[in-house]
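Annotated in TrEMBL:
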type	residues	note
REGION	18-47	region 'Disordered'
DOMAIN	120-893	domain 'Myosin motor'
BINDING	Gly212, Glu213, Ser214, Gly215, Ala216, Gly217, Lys218, Thr219	ATP binding site
REGION	689-715	region 'Disordered'
COILED	1089-1123	coiled coil
Amino acid sequence: PAHPPGSVLGAHDRAISAGWHGSRGRPDMAPSPAAAPSAAGGGSGGGEFEEGAAVWVSNADVVWASGTVTRSSAAGVTVALDLPEGARSDEQQTVVVPSGGAGSVRILRRNLTLLGDGALRYDDLTEVPELHEAAVLQALDVRFAHGGIYTLTGPVLLAVNPFRTITGIYSPEVLRSYIGSEKLQPHIFSVANHAYQGILRRHRSQTVLVSGESGAGKTETTKFVMQFLALAGAEAVISDTGKPLSRVERQVLRSNPLLEAFGNAKTLRNENSSRFGKYIELQFDADEGAPQDGHVQVSERGCTRLVGTRIRTYLLEKVRVIDQQDGERSFHIFYQVLAAAQGAAVGGGSDEVSELDLSALFGYTAASFSYLRGSASVKLEHSDDARDFEATLAAMRTVGFSTGEVADVVRALVAVLHLGDVVFAVPKRNSEASEVASEDLGVEHPGPKAAIETVARLLGVDTQHLHDVLCLRTMQAPGEGVIRMANTVMQAVESRDALARHLYHAVFNHIVEKTNSSIGFREKALFCGVLDIFGFEFFKTNSFEQLCINFTNELLQRYFNTFIFEKETELYRDEGITWEPMDFPDNGTIVALLQQSPHGIFPMLDEECFVVGGTSATWHAKLLRAHEKHSHFSFVRHSQNTFLVQHFAGPVTYTSDGFAEKNKDRLTADVVRCLGSSSWPFLRSCFSERSKSRGGDSPNSRASKDADSPIGGSRAASAKVLRAQRLTVASEFRQQLQDLMGQIGTTAPHFVRCIKPNPQNRPFVDVSAPEPKPLLERRSVAEQLRYQGVLEAIRVARAGYPLRFLLPDFFADFRCLLERGPLRDELDAELAQASGASAAGAAAAVRRLLQAPEVGSLLPAPERGASSQEWAIGRSRVFLKQRPFTALRAARARLRQARAARLQASWRGREARRAARARRRALVALQALFRGCAARRRAASWRRERAATALEAACRTLLAVDRRRRADAAVAAAQRWARMRPCRKRYLARLASVVRLQAWWRGWLRRRRLRDLPKSILRIQRCWRGRLGRRRAADRLVTGLRLRTAVRRLVRIRRKNLARRQWRAKVLELYRGGQRTPRPQPKQLLESYVALEDEHSRRQEEVRHLRAEVQRLQWKAQQAQQGGFFSAFGRLCM
């Protein structure tokens, strides 16, 4: 703190926290009316706020608006809101806050130390007096505006995403400066360093818990933590020995791009949103080959190195494989593979890409596949899929994937894409069955038949077998053997989609397991876990996924409460303070509502999934009957499928539709056996264990094994299968969370909450915005603070005695409440004699101060039913609750106000006397100045009279000179006119002569042209007649040639006709006169006759055309003769 230790503000700055107990379970971000009276330094009663007090008032636009109390009474207070920058004074608004918490407006006391840039002094907000939601928002807003993206709130680091790279804050130099340093500045490297030092010095495993909504920066924060932990021990070793990074360190640093490619996707809020939770355990030791006994082997320089890693994943969003919202994408790896295939099809791409068999994707785009066609969003704004795929391949190589294993993964991804194009139709003979549709959808979409053949080939199974397991299902009824039943089209589609989801999930799990096995993990070594998990989710429609995520956050919040409880208990024990844990908040009731058997929400859902005919609707009805009186559970009126759970961050309404189906998300036994019998070893390894352990098609029946296997078996085997059948998504997830919380419980925690400053993802400095908006939208940030449990964390930290002061500071702040006298002097002397080694003297002095009559009368009586005292004195601190602190502060304010009034009166009198003396001196000086001014005015008047006389004489002289100058000018003008007149007459006479001469010359030229015109006309006529004669002669010659040609052609035709007639006559003659020649048949004769007639007709038609051509040529010749003169005359004229 910037204030001296003895000052009042200095004591305020050292207060750990102050007491507003925020509203629990309200969707808005302001405290509830019931909680307002207990707010830190605030409430709703007029007696709690004096006039002139700085306050926060709830506001619909900015959540909390700053203002000043202008009037305070028992009925309430009137607050004048602060004017925004650039506003006029007449625009100021006032708000009336009624007493007793009535109304929707709430009020909190504002800490003056946060005014302006005061928040920059507080790296840890628990040092801020009057710490509540409004103070947290104000501090985050001010710090973010100045580039401070990290802020501490006790054990929680708040990281506000700047949406851009801030130069220098993550550089290698900065990272090295945090290694082994005890810096208190908030930074993600500081949190990672504390975890590293906890392993190094305290020999205890650590955990960094990172949470936040999509786009808040969880993935990047996790990468920075892993980067620091991977390089923390290596930096010292490299600087000493020059050794490069070890294999494990390189693999850990390169594993993030691999997990992002398979587990991240573009959403409406974030282009690289992590769609799964992960817990990464980073193991440390001084020597990779040293034996492990549960303790870190520290090197000579006191540093350890990363020697192993294990990654655990949770809640992969498998449904994104088959469906995405508009504007979103599926997982990045699909688009990366397609981009690589397009490059390979044209001969591009790197050598590693060319080694893969991507021929099954040649000619395909994202729009070609049904699973990727649902969203129009394909391209990412800030990345290139082809380049990212090469980075993914490099990461796979680094973590130990061989070329064949990479090819297997890509082959499975291609199978998933083609599986979505398998379309089902209703057979003609059975409307309740299904089959793969046979229609062809074009070149780009080969059709369902080709798609299922491609999928079967890629999966290494028989096409007909795959068709059967998708369109049929086998059931085993007691005493009836195996029954084969047909799936409807909807059931077949669900089976296909389930296969796609589980196949991708199997590939994802294979990636994680391969990464773990390649890097290696030691069971007994100390580690630092990094948990990247979803934050609290609350949407317009909430389903099974949101309930699982919020259940996770409830468990983490209970763990956080327990952690703070232990810290508070340790503090009170060290101080010798007795306190009641009943004051401490606990969300155990909500956790029990969700998971406690047999009536918890999740156990009832699991039970309903195994009841014959159980559905989401029946589960919803049972849920309402079982928990209708529960304090954290309620139903929504006029709604048949919703229920409400009161979480620690607020109420959430869930829609029960689809809960049972999502909880039973698994493959049928037929599909598992089909995949287990594949000729592809990779697929068999992914599904062989599933085929052994899961044998159920649905909870309502038991699926058969192979058709030729015997029915029945031992009771133990049946129980094993039954247990496998009863495994649901919720039960499996709860078991994973139980293991996770057990693992985290053995470690020392470090908490990081990522905050998204604005929903538009606007960067820290956005100069391109046409209308700049606030970079930090307070309502959005307030919602995140509540849903991520930050405000709950503040409330937890304030439980018990929220206000803590060092004993000397508290005495210095409130000694003014004692009247001047022996007691006050005695306590001052007693405190002055007390030293650091004798804290008992200071404690006794503070106790006597609080028990003094004039101070004790100010303290309120303990509340009825209170579990602890209102204040307590420890070995080094005094602990207070909010009520006594408010009373002491109000009394001190009244005392200061009275003393300030006396001081102001004395000061005003002194200032008035000093002003009177100054006025007397000023009056004497003013009189002297007046007399001097009068004398100077008289002298100036005499000088003006003399100057006026001289000026008048000069003016007369100037006027006479001007008149003479004007007369001379007039005489000169008259003389010029007289001389100019004869010259003008001579000029006009000459001008008339020139005009007459020009007229005569133009007439002579025209007459000469008229005399020459007949000669020109005669020459033109002679030329035209010659040209016309030559053209007529040429036309006659051409016409004659054409006529002769036509006549010759006509003669040839007639000769041919004559020869044909002669030939026909000869034929007839031979036919009639010959005795041995067989007589032709009448039909043949008729056909010959018809052919001859046709030939004759054609010849006649040709003759007719020739005659028409002759006539046309003659007509053109006549036209040429008539128009020749005019065209020739026109050319001559031109």
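Indices start at 1 and increase along the chain as displayed.
Here the Cβ of each residue, glycine as well, is placed from N, Cα and C on the backbone.
Note that the structure is predicted; figures quoted are calculated from it, not measured.
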Close in space, distant in sequence - Lys218 (ATP binding site), Cβ under 8 Å, 6 or more apart: Val210, Ser211, Gly212, Ser274, Asp532, Cys754
Additional residues surrounding ATP, by Cβ distance to the Gly212, Glu213, Ser214, Gly215, Ala216, Gly217, Lys218, Thr219 centre under 8 Å: Asn161, Asn270, Ser273, Ser274, Gly535, Cys754, Lys756
Other CB atoms within 10 A, centred on Ser214 (ATP binding site): 18
Close in space, distant in sequence - Glu213 (ATP binding site), Cβ under 8 Å, 6 or more apart: Arg269, Phe534, Gly535, Glu537, Cys754, Lys756, Gln784, Tyr787, Gln788
Close in space, distant in sequence - Gly217 (ATP binding site), Cβ under 8 Å, 6 or more apart: Ala159, Asn161, Cys754, Lys756
Thr219 (ATP binding site), number of other Cβ atoms within 10 Å: 24
Binding-site residues: Gly212, Gly215 - member with fewest neighbouring CB atoms within 10 Å: Gly215
